[in-house]
Amino acid sequence: MKFVLKSISKNSGRLGQLRIKQSKELQTPLLLQTTKGGSIPYLSAEVFDLVSQEHQQVLQLTLSTMDQMSESLAQWNRSLSDYVGYPGYNTLLLLRDPCETTPTGGNDRDVVPLFTRHGKESLTAARYMDMVANFAPDVYQGLCDADTNPESTKKRVQKSVDRTERFMELCYEQHSKLARLKDSTLLAPIVGGYSTFARTQSIKHARQQPAGSYGGYILEGFHTNGLAATELKAAQLLPIVEHCVQQLEEEQPRLMPGAYTPLLLLELIRLGVDVFDSSYAYCAATNYKALTFSYVRDKAEHAAFLDVTDEAIKEDFKPLLEDCSCLSCQKHTRAYIHHLYKTHELLGTILLMIHNLHHYMCFFEAIRASMAADQLPELIEHVRMQNTTAEVNYRIEPNNKVVGKAAMGKGFIAAAV
């Protein structure tokens, strides 16, 4: 993997180009496509191709949702992207699913807990590297203890750093020995919770490795994934990230997985983080929210979301978002998608996922354009206020509404009698 900086600005972050193997150059800041079990959630490969036209794509795969495929992949002699049905796509393998809350605990001295749909599996560093070798992704993260959050104690934070160092010693060794990983790039994990001292220790351990041992950094241990990432406070997170990036080489890309809010994501980009994922769009769709925030500076007021469970839109025949060119907005209305929610139709979530992914990919195009014009601060302020009088709240609230049978109507069969 090769990363080249195109420009860097104190106010607008850094633009770069990332090339994975022999792929086309990928522009950074880059949006990774979050997957579950190797598939884009709710979308077939054919539908996703329609959604992602003219957008660059890298698949973010997770071991916690694909662990059962390890044995069959060991016998696979083609690329991982071919195996999951997305031939030609670059692949990046993570340990944990950023879309779902990762349970805490289960951290023994020499193992990391892997929470899968089959239960908890204890991974040693040797077992982890064997599984990664079976997958043979283009890029993968080193094994780390990232079980920390804003409430973690100093003792838990220090343990996460010490254990990660032990895991990574074997990961660095095996990365150079395993034949199936000779074309793969290792990302060095930077952990340490919200302690600048612990983060510095983690960074020093990575930078002590011989040149070429790894090809980038992944900053972990800020949250427990899922909706927890949307609740992070900028005042807590940003100083720690800034402390980290100041100690990292400029020529190495930096990845931060998680469903960060659009506003916090922009602030992280300003600090110098290069790669993110689409888990925020997924979390919004699964909680019946269509992304409607504006990333084009205008004078109209905008909201962060449209809640399709709201009874107020049951007779609203406008698209989810005016002037949106996605398939959902071109073909369907708010009232119809509200009806799909009330009748528990899977198509409702599919249409929301199509819209949210399209909106988020276009958001990243706007980010790169603003950075090229050195206008990222103006975009941050626009996203922050959305032309309203108060800062917009981008936190995703879990949908706990229950649709009763009475609200679903009599149904077609009963109505025909």
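Each Cβ is built from the backbone N, Cα and C atoms, and glycine gets one as well.
Here the structure is a predicted model, which means the values were calculated and not measured.
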Legend entry - C324, C326, C329 bind Zn(2+) per Swiss-Prot; candidate in H302, H344, H355 listed for that same site: H355
Inset, instruction - Note the Cβ centroid of C324, C326, C329, H355, the recorded Zn(2+) site, then list each other residue of that chain whose Cβ lies within 8 Å of it, in sequence. - result: A290, P319, L320, L321, S325, L327, S328, Q330, I354, H358, H359
Legend entry - For C329 (Zn(2+) binding site): DSSP state (helix, strand, coil): helix
Inset, instruction - Return the residues near C324 (Zn(2+) binding site), defined as same-chain residues 6+ apart in sequence whose C-beta is under 8 angstroms from its C-beta, sorted by sequence, else 'none'. - result: Q330, H355, H358, H359
Inset, instruction - Starting from the Cβ of C326 (Zn(2+) binding site), draw a 10 Å sphere and report how many other Cβ atoms land inside it. - result: 22
